[in-house]
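Below is one structure, written out as structure tokens; comments come after it.
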Amino acid sequence: MAEFSDPPPSNLSSSHKLTKPNQTLDESSPTAPIRDLVTNSLSLSSPIRQIQALSPAKPDGSSSSPPDKTLNFNPEENRDVNPDESSSSPSDKTLIAPPAQISPVSNNNHLRITNTSDSYLYRPPRRYIEYESDDDELNKMEPTKPLQLSWWYPRIEPTGVGAGLYNSGNTCFIASVLQCFTHTVPLIDSLRSFMYGNPCNCGNEKFCVMQALRDHIELALRSSGYGINIDRFRDNLTYFSSDFMINHQEDAHEFLQSFLDKLERCCLDPKNQLGSVSSQDLNIVDNVFGGGLMSTLCCCNCNSVSNTFEPSLGWSLEIEDVNTLWKALESFTCVEKLEDQLTCDNCKEKVTKEKQLRFDKLPPVATFHLKRFTNDGVTMEKIFDHIEFPLELDLSPFMSSNHDPEVSTRYHLYAFVEHIGIRATFGHYSSYVRSAPETWHNFDDSKVTRISEERVLSRPAYILFYAREGTPWFSSTFEQLKTVFEATPLHFSPVSVLDNSYESVDNSSKACNDSVGVSIPDVKWPDSCCQEPKEEVFHSAESSNNEDSSAMIDALGSPQSEKPFAETSQQTEPESCPTENKAYIDKSEKPFAETSQPKEPKPFADRASIDAPLLKVQNQDISPKRKAGERATLGGPKLKYQKPNSHQKRQGTFQIQRAHLQTKKQEESRKTKRPLFRSNVAASAPDPKYKNHALSYLNRAQTPRARKLANALSDSPTKKKKSSNMRRSIKL
């Protein structure tokens, strides 16, 4: 076995020999070539390129160890040495390491091997090995900086637009339409100031489109920079249309029309409880998206003209053989001949008529649907042609003569929906929103990215949203709402707004537009709390900055306070929870001002008759010991206070058995038998046939309850089988 030791200082030798006094390598032996081959292979496979000296040699070149046991490496001399050459002494053979594999740093490097058994190639420890990389750039690379983790999640700055919407299974067509609604400023203003009855006229007690849209827009604006779920709309997809199927791709324009139809139904009140306001003023859908067309029919025989007004919530444009939105509008409003030989009301003859459509009423928000899908009754194909759409659109050339000249006809593009795919039922929908004149964002499900205007104009638009000139940009509206949101924190978690727990709260109140109300800021109430009349959780930012907390609560209670999404309808408290869950709090200890006067708690003596448990006991009787002391102080007869026996509450086994025997003895003396169970079970069967059948059935079971039932039904109690009988019956 080879032994390694640190080399002592020694002189360098130029013999390059591994000298051993007792062992030599005999070239004449049959194993000599194999030994040379193994030695060369080991040296060639070694990854060592440089070896540092374990200890430097002395300056004078002397060494305390014999030179015949030292292997010195010199690249200048090893380069000319042949391994086949032998030394001057035939008994001393030389083993030379290949210079291409081992090269010393200096001429003073040496390595000493002390061997007692056989020859061994020495591999120095790794701490004395230096590696040089051929690539200098790797040596200049800086080490990776460690991650700086904190105890809190990094703060995500708002993006200036609404939150992204998670795709929970083919919901991209819902998300794209909701993103356009979220960034429609006239719709946001209408939802904030709209008053609707309770319950609404949506036709569904479990789901209200109006309330769901208000909650979604509010949550999306509060969660800017994050992502939220839209499962509430997905789960109620069949409510919008019976043709829709959950987890299936549907057409975005069809969903848009169905959504506006259901939203308009929530706005209309058939009873017209607010008699001073007309139903047209209550319809926020018509106020935001409602437009109208003037259809003109001209008789080619007598030139008589008839005009018809056609209301609409958007317009669908044919895009075949056109490449711009302007040409599609020209094709939409051009004169069309009807060859159906219609009967003229004036000349009473079947004639050919000409029809022309013109815009008569322009809404604050105009939507244009580009018909990219054509259906021939068998197959549906998509038109992939790029349609150019302008950022600014003037509709004055397409207006009717009855149009009000004071109403502006200029519009600005602020959002649109695109479809990527070959069919309407396949592919993917995404939306683009223009929050400022030069700021565009792409909403691809939960991913929200900033995008350039040039890239926006090159996208294949499917539904275009134009806002009338003079409408505030979304960025300014978002800054105003952001100030209000910072002053009024959200009182419910983002997940609970759209999940099933929130829907269960709506179901409990039997009103689709109710939610859990709170009256104190920064207090989170559980979903299982009593359903109170909805208190609005928002107030104006001015009052929150200048008034104290009590004034903020008063502002919340007042209906005149400014709120982002105000509830102004009068609602009565539903009886959705028992009165035992209510509690009265002492008014003197409340830190905030109350908006309503609580009921006066009843005395403690009448506690059995009150409706709810008291949080603070009032008029409580003093203890008997204190009462006895007061009597002695006032000169009355001093009563001796006897401490109650604590063992009475925890009786032992003997006391329990004694009480049981006394009770049993009293019952026997009174000749009364206490029933072992309910009387309806213990009643005997009227028919003895059924009685015997019941006894035979009960005797099968070997449970205490079965034996009690059998004893009650029969005059003679049945005896319990012994264990031996049970074993015998089993063997049989």
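Glycine is no exception: its Cβ is also placed from the backbone N, Cα and C atoms.
Noted in Swiss-Prot for the protein shown:
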ACT_SITE  Cys172  active site, nucleophile
ACT_SITE  His428  active site, proton acceptor
COMPBIAS  1-10  compositional bias 'Pro residues'
COMPBIAS  11-31  compositional bias 'Polar residues'
COMPBIAS  38-53  compositional bias 'Polar residues'
COMPBIAS  55-69  compositional bias 'Low complexity'
COMPBIAS  540-551  compositional bias 'Low complexity'
COMPBIAS  583-609  compositional bias 'Basic and acidic residues'
COMPBIAS  719-732  compositional bias 'Basic residues'
DOMAIN    163-469  domain 'USP'
REGION    1-111  region 'Disordered'
REGION    534-732  region 'Disordered'
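A straight line from the CA of the residue listed as 'active site, nucleophile' to the CA of the residue listed as 'active site, proton acceptor' spans 7 Å. Across the domain 'USP' (163-469), mean pLDDT in this model comes to 88. Neighbour density for Cys172 (active site, nucleophile): within 10 A of its CB lie 24 other CB atoms from the protein chains shown. The residue listed as 'active site, nucleophile' carries a helical DSSP state (H, G or I). Secondary structure at the residue listed as 'active site, proton acceptor', as computed by DSSP, is strand.
Non-local neighbourhood of His428 (active site, proton acceptor): Cys172, His419, Ile420, Gly421, each in the same chain, at least six residues away, with C-beta under 8 Å from its C-beta.
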